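Taken straight from TrEMBL:
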type     : residues : note
REGION   : 1-36     : region 'Disordered'
TRANSMEM : 46-65    : transmembrane segment
TRANSMEM : 77-98    : transmembrane segment
TRANSMEM : 123-144  : transmembrane segment
DOMAIN   : 163-252  : domain 'CAAX prenyl protease 2/Lysostaphin resistance protein A-like'
TRANSMEM : 164-181  : transmembrane segment
TRANSMEM : 193-211  : transmembrane segment
TRANSMEM : 217-235  : transmembrane segment
Amino acid sequence: MPARTHYTQRCEPMNIPENDALPHPSEPSVSGGNPSPVPPRLIAPLWHTCLLVLLFIGISVSGALHATKPSAAQHRIIQYLITLGFEWIIAAIAWWGIRLRRTPITQLIGERRRGFEAWRDDIAAAAVFWIAASILLVLIGSLLRLVHLSAPAKTIAPQSLLEIILWIALSISAGICEEFVFRGYMLQQFTALTHRLWAGILISSILFGLSHGYEGAAGMIAITAYGAMFCALTLSRRSLRPGIIAHAWHDSFSGIMLALARHLRLL
């Protein structure tokens, strides 16, 4: 295929095959009886993906080291603002990477469903997912405690009204940016690189867990499992939107509940 045609070929949104292996570049993929051409190339340059992975590791190590400092709980607003900025910077870098390969952003975002019924269905899917994922996370946390692994105290949880407002803004940003980067960019990139859907899910989920170094070893293990659950949601709905809703809600709800618990002196 000529290079120009190859780059400008129109791609289906969220177009990852549900079978275990991607087809050979010369073979079309068929899903549900309809032709669905799978991009036979990476969605961004490999060096760009390596750059993103290094950024994740650097931010994670920095967060882990900072979380252990006694002063971490005294500068929450600054931490929120810095983290919010990093979320959008990482998302912008991911967007730049797909632009380098002329990959349409709709391929990462997925199906664009408009109208009340579409939003209703996505919100319902996000709600069911959140309940199921929360139960599984509690079970995972219990198992980790049996082997003497537990997440560190939530020193960055909000306390004042201003902190709660910033926390919600940060949670919404995390929902948008992290789903775009991990369930959009990373999932599709590593699926294309390995020609295995399960490998794309595994690698993107591990990177998602490793990027949360401030949560400690137990937290990173649980978040890795959480990332795999988000991959399943994204693939089943063929869109990032339900995952963004569930992610933003989970982070917002967790922070508000922790703030309430501290206010009532339950923690």
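Glycine is treated like the rest: Cβ placed from N, Cα and C.
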Among the ranges 46-65, 77-98, 123-144, 217-235, the one whose Cβ pairs under 8 Å to the transmembrane segment (164-181) are most numerous: 77-98
Top partner of the transmembrane segment (217-235) among 46-65, 77-98, 123-144 - counted as Cβ pairs under 8 Å: 123-144
Long-range neighbours of the transmembrane segment (123-144), counting only residues six or more past its ends (CB under 8 A): 150-151, 218, 221-222, 225-226, 229, 233, 237, 242-243, 245-246, 249-250
Secondary structure composition of the domain 'CAAX prenyl protease 2/Lysostaphin resistance protein A-like' (163-252) [DSSP: H/G/I, E/B, coil]: 83 helix, 2 strand, 5 coil
Confidence summary (mean pLDDT) of the domain 'CAAX prenyl protease 2/Lysostaphin resistance protein A-like' (163-252): 95
